[in-house]
Amino acid sequence: MRPLTEEETRVMFEKIAKYIGENLQLLVDRPDGTYCFRLHNDRVYYVSEMILKLAANISGDKLVSLGTCFGKFTKTHKFRLHVTALDFLAPYAKYKVWIKPGAEQSFLYGNHVLKSGLGRITENTSQYQGVVVYSMADVPLGFGVAAKSTQDCRKVDPMAIVVFHQADIGEYIRHEETLT
């Protein structure tokens, strides 16, 4: 368990900023305590400093997980967000997509969102912008990348992909043995 290097911090913050923008500051400076990011086995954990101090006397090879896993670094040093970060990204999301009840199951099985399943989309969402996907009842389901801008979504045919799937809460069941 170690702090992130400058390069790792930059790469991770750039990825998170795609989803929450300048609200990233609210994630780091919280009123309920000091939180930090720590790297363990190529995974980045978001943990309070109080819990970090308590875990300091546990050896690294015995430690499985600490705090909330935000994502992991790939072998090519790219950062990939995990669905476990959804609870922290959803309240601060700048760009949101709401999907119809009929499209929820398809999204939760790992499929992209089609125009026919799109309920609403935040105004001024640009193409390839990170978005948080909600049900029509405002329950966060996952996150993805906008395949089309808000203006383009109005004109495309119903079978066109409007949001590329990145992660969803169905992964808790599909990949339960690998999530930490």
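Just so you know, glycine gets a Cβ as well, placed from its N, Cα and C.
Straight from Swiss-Prot, the features:
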{"type": "DOMAIN", "residues": "94-170", "note": "domain 'PUA'"}
{"type": "REGION", "residues": "1-92", "note": "region 'N-terminal domain'"}
{"type": "REGION", "residues": "93-180", "note": "region 'C-terminal domain'"}
Practice problem: Could you pull the average pLDDT for the region 'C-terminal domain' (93-180)? | Solution: 91
Quiz item: What counts of helix, strand and coil residues does DSSP assign across the region 'N-terminal domain' (1-92)?
Solution: 42 helix, 27 strand, 23 coil
